[in-house]
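All remarks here apply to the structure that follows.
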Amino acid sequence: MNHLRRIKKSHHLRELSSSSSLNAKKFIQPLFIVEDLKEREAIDGMSGVYRESESSLYKQIESDMNSGVDQFLLFTVPKKKSDTEFSSSFYNKAISGIKKNFPDIFLWLDTCLCSVTTHGHCGHLDSDGTIHNEKSVKRLSNLALLFAESGADGIAPSDMMDGRVASHRNILDSNGFNQIPIMSYSTKFKSNFYGPFRDAAESTPSFGDRSTYQLDVRDRESAIAASVRDEKEGADFLMLKPGMTSIDLILPIREKTNLPLGAYQVSGEYASVELLAKNGFLKREEGLVETWNVFRRAGVSFLISYAAREAKRLFI
Ligand code: PBG
């Protein structure tokens, strides 16, 4: 099976791929699961979004499904940080547990090392202090396979190493997972708008920043080339991030690629709306819908938003 059959596999993927304009069925809700958490914890700046325990997550998914959401992007936060190993039993239990309880949802797994490593960078750190591309890709692909073996429906690589999409496709295909789609964070910038997320995912780099692997906002050509490359490497879905500050790139990327292109309304963007609303500067729901209308106008095929669970109520 390859791309054109893969994206028809489920009604969820057909929604994301359809050329109709942005609507509530095209929203994906991010979720966080934290190993060994006893009670769920609020995330600063993002009301209604939590670091979840296994049991609180099940309740949240149930309530989200009642609100009309059936696609999720899961961030896994292991307790023990390691630069060589994975908390396989945590991933396995978390992912298979969700799918067992909610077989009808589509569960994307964010695939990155920043919540895993001792240093919070998205890849493998060499002794000279640089992120080694090939070692990173190898480890990330092993994580993608572990997610697939645990029951993930889709893989969403967010690390921005070179060659990770091809490597993930290869390891999935050669282990009997050729039906699993890859939604690549294909045009992902180094950004100041990921702040609330990093607290939630325990992924703040302990030194430096991510500018040696994430895109530079000043570099338009590389930003477009990165999505073009991921299509060539075998991605099934492309994505821009942060959404609002990449809005000008949606059309140029669509012109140069033939894959469904989504955007991620990231934590800092969501928190901005929340903060303005808290201070009485805008009406929260109207502010959110305005941003979604802009994404629709700009031509995205799908949207990842922390307020996805409100889309059915507020949006077409
Ligand atoms: C992991 C990852 C990040 C986000 C999604 N996956 C953080 C980062 O790259 O530093 C950001 C999501 C958000 O801010 O909502 N690499």
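From the backbone N, Cα and C atoms, a Cβ is placed for every residue, glycine too.
Feature list (source: TrEMBL):
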- C112, C114, C122: Zn(2+) binding site (BINDING)
- K188: active site, schiff-base intermediate with substrate (ACT_SITE)
- R198, R210: 5-aminolevulinate 1 binding site (BINDING)
- K241: active site, schiff-base intermediate with substrate (ACT_SITE)
- S267, Y306: 5-aminolevulinate 2 binding site (BINDING)
Sequence-ordered recorded positions from C112, C114, C122, K188, S267, Y306 with Cβ under 6 Å of an atom of ligand 1:
C112, C114, C122, S267
Out of C112, R210, K241, S267, give those recorded positions positioned within 10 angstroms of K188 (active site, schiff-base intermediate with substrate), comparing C-alpha atoms, in sequence order.
K241
In sequence order, what residues of the same chain, 6+ apart, have a Cβ less than 8 Å from the Cβ of S267 (5-aminolevulinate 2 binding site)?
I43, G45, M46, F193, Y194, G195, P196, F197, A200, Y306
Helix, strand or coil for R198 (5-aminolevulinate 1 binding site)? Use DSSP.
helix
Position of peak Cβ density within 10 Å, selected from the active-site residues K188, K241:
K188
Between the Cα atoms of C114 (Zn(2+) binding site) and R198 (5-aminolevulinate 1 binding site), what distance do you get, rounded to the nearest Å?
9
Spatial neighbours of R210 (5-aminolevulinate 1 binding site), counting only the recorded positions C112, C122, K241 and Cα distances within 10 Å:
C122
Suppose the Zn(2+) site is C112, C114, C122. Which further residues of the same chain have a Cβ inside 8 angstroms of that site's Cβ centroid?
L113, S115, V116, T117, G120, H121, G123, S158, D159, S203
So which one is it: of the binding-site residues R198, R210, which has the fewest other Cβ atoms within 10 Å?
R198
Please report how many Å separate the Cα atom of C122 (Zn(2+) binding site) from that of R198 (5-aminolevulinate 1 binding site), as a whole number.
12
Around C112 (Zn(2+) binding site), how many other CB atoms lie within 10 A of its CB?
25
